[in-house]
Amino acid sequence: MKFLQQMRKLFGLAAKFPARLTIAVIGTALLAGLVGVVGDTAIAVAFSKPGLPVEYLQVPSPSMGHDIKIQFQGGGQHAVYLLDGLRAQEDYNGWDINTPAFEEYYHSGLSVIMPVGGQSSFYSNWYQPSQGNGQHYTYKWETFLTQEMPSWLQANKNVLPTGNAAVGLSMSGSSALILASYYPQQFPYAASLSGFLNPSEGWWPTMIGLAMNDSGGYNANSMWGPSTDPAWKRNDPMVQIPRLVANNTRIWVYCGNGAPNELGGDNIPAKFLESLTLSTNEIFQNTYAASGGRNGVFNFPPNGTHSWPYWNQQLVAMKPDIQQILNGSNNNA
């Protein structure tokens, strides 16, 4: 109801604006509304099948000043990091809440790592605690994912800090590609599912900032500063394509076109945002190819909305590819 009321107000205001600004205002409203549609499936019990060897670890993060909960399924020395969406919860990772990912990667020869928390974080190192929502520490997710957690897992779970895959959806799609851009030994494989792949361009900083504010009251200026700050480009996969090409990172990029199929997701925000996101994904593919990139899989099917069933379908589809690249298993089951 709150979302519908916001939309009515914004559609009324938009009539007074120029066309480009009208599109941005409506897009921002839908983006903020979609945060609830996609990620706000708060339930107390995660999806893991009973009997799977899923552990709940508390990994120290000196940079953030507290332990971070990790859902972990051991399966090999190489691992798949499954990153969450904008409304990441503090109890379980969204991949476990909304998909059978642990089951799908059981006996794959790969360990599965699901960090818990990080709402609106973009899994990035922020400048300061979020201003306006009372956050008492500074997000340092990049430090945690690339230094603190890998060291702990190597010492305690025999998971190597090199030769892993980062898989992200929506918010974390860009995060996965950025992690691979700057840490190629740790992440020779990165997958973005319906990710925002050019966040520093045009109206994206504004839309991202408003969506973050809607999802926990987080302040994008506390993350990367104003849109003119170099941190926005530093964390922009489109800008960092030369790094991905030079690293020869294996990338998997997926985005639907907003048309639902039998998997569902037939609601206005999910359809609109996926169609809005598709254009930056297509530009990313063209720019990647023009930059000499030859190690990517790009899936842009004639269907798919911004919702979990489509992302899970891609996670299953990429499993043999991940196994081959990471050499984590000869079993493609």
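Even glycines carry a Cβ here, placed using N, Cα and C.
Of the listed candidates (ASN198, ASN248, ASN327), Swiss-Prot assigns ASN198 to the same substrate site as LEU86, ARG87, SER170, LEU276, THR277, LEU278, SER279, HIS306, SER307, TRP308. Residue ranges 91-101, 102-112, 146-156, 223-233 are listed, and Swiss-Prot annotates 102-112 among them as region 'Fibronectin-binding'. If you measure from the Cα atom of GLU274 (active site) to that of HIS306 (substrate binding site), you get 5 Å. Per the record's binding annotation for substrate, residues LEU86, ARG87, SER170, ASN198, LEU276, THR277, LEU278, SER279, HIS306, SER307, TRP308 show a top Cα-Cα distance of 23 Å. Ranking the binding-site residues LEU86, SER170, LEU276, LEU278 by other CB atoms within 10 A of the CB puts LEU278 at the bottom.
Residue counts for the region 'Fibronectin-binding' (102-112) under DSSP (helix as H, G, I; strand as E, B; rest coil) come to 3 helix, 2 strand, 6 coil.
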